[in-house]
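K.L.:
Supplied in structure tokens, the structure appears directly below.
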Amino acid sequence: MPTLSEAEIASLLTPYLPDAAPLVLSRLAVYLELLLKWNARTNLTAIRDPKEIVCRHFGESLFAGRHLASETKTLLDFGSGAGFPGLPIAILHPEIAVTLAESQNKKATFLREVGRMLAIPVEVWPVRVETMPEGRQFHTVTLRAVDNMSSALIAAAPRSTNDLLIMAGATPPAPPGFTLQASILIPTTESSILIRAIRN
Ligand SMILES: C[S@@+](CC[C@H](N)C(=O)[O-])C[C@H]1O[C@@H](n2cnc3c(N)ncnc32)[C@H](O)[C@@H]1O
């Protein structure tokens with residue numbers, strides 16, 4: 001028996017993604033089981049309650065996925081951790097080539113395993129973003145809950161040709177060459193916001 005049925009996951013996701021497709025739900029159900037299994041023996045995320053994982057991690061990531069620019073064809077998730085928001089975005093938008101950058105080895109190994117089990121072609125960059133070849137760029141770079149958002153944005157900016165999609169508790173300063181758009185409150189949260197920074 002899965003921890004949560006696909007119907008339960010769909011119901012929990014309603015505020016973030018009201019009509020999730022069956023394939024999205026079945027992939028999220030597999031991702032949830034893998035995350036719970038790995039998190040029991042290695043610390044991938046401090047959130048351990050399955051319903052909270054679905055709302056906080058999956059829901060917020062899918063909400064970001066609904067707010068991507070239509071021209072986004074390549075996406076870098078900067079500091080993906082256990083895959084947020086990059087993996088749920090890859091599940092929601094299989095047409096986008098998603099790269100998950102995560103410098104901690106155990107988390108990068110987990111990300112590869114989820115990609116393999118779901119048969120989705122995500123690239124995992126298992127070291128710091130700063131070590132990518134200079135010319136490597138993406139339409140969109142996402143950043144969620146990275147430790148020092150201001151310095152992460154400085155490192156992320158040269159990687160983006162179009163925009164940065166930021167999920168944070170407060171509005172960060174725009175990195176050089178980018179302009180912040182109005183922020184959007186993430187559903188069911190008190191103060192978590194989604195902000196797009198557009199390249200000038
Ligand atoms: C606080 S966690 C947040 C993870 C995820 N974005 C989330 O919302 O749950 C930040 C992650 O970013 C990774 N990280 C920080 N700086 C990085 C960098 N320059 N390149 C790649 N990964 C980085 C860390 O190893 C850590 O796992």
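Backbone N, Cα and C atoms are what each Cβ position is placed from, and that goes for glycine too.
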K.L.:
Figure out which of Arg66, Arg116, Arg144 sits with Gly79, Phe84, Val129, Glu130 in the S-adenosyl-L-methionine site per TrEMBL.
P.N.:
Arg144
K.L.:
Show which residues of the chain containing Glu130 (S-adenosyl-L-methionine binding site), separated from it by at least 6 in sequence, have their CB under 8 Å from its CB.
P.N.:
Ala155
K.L.:
Same-chain residues six or more away whose CB lies under 8 A from the CB of Val129 (S-adenosyl-L-methionine binding site)?
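P.N.:
In sequence order, the residues whose Cβ lies under 8 Å from that of Val129 (S-adenosyl-L-methionine binding site) (at least 6 apart) are Leu76, Phe78, Gly79, Ala101, Ala155, Ala156, Arg159.
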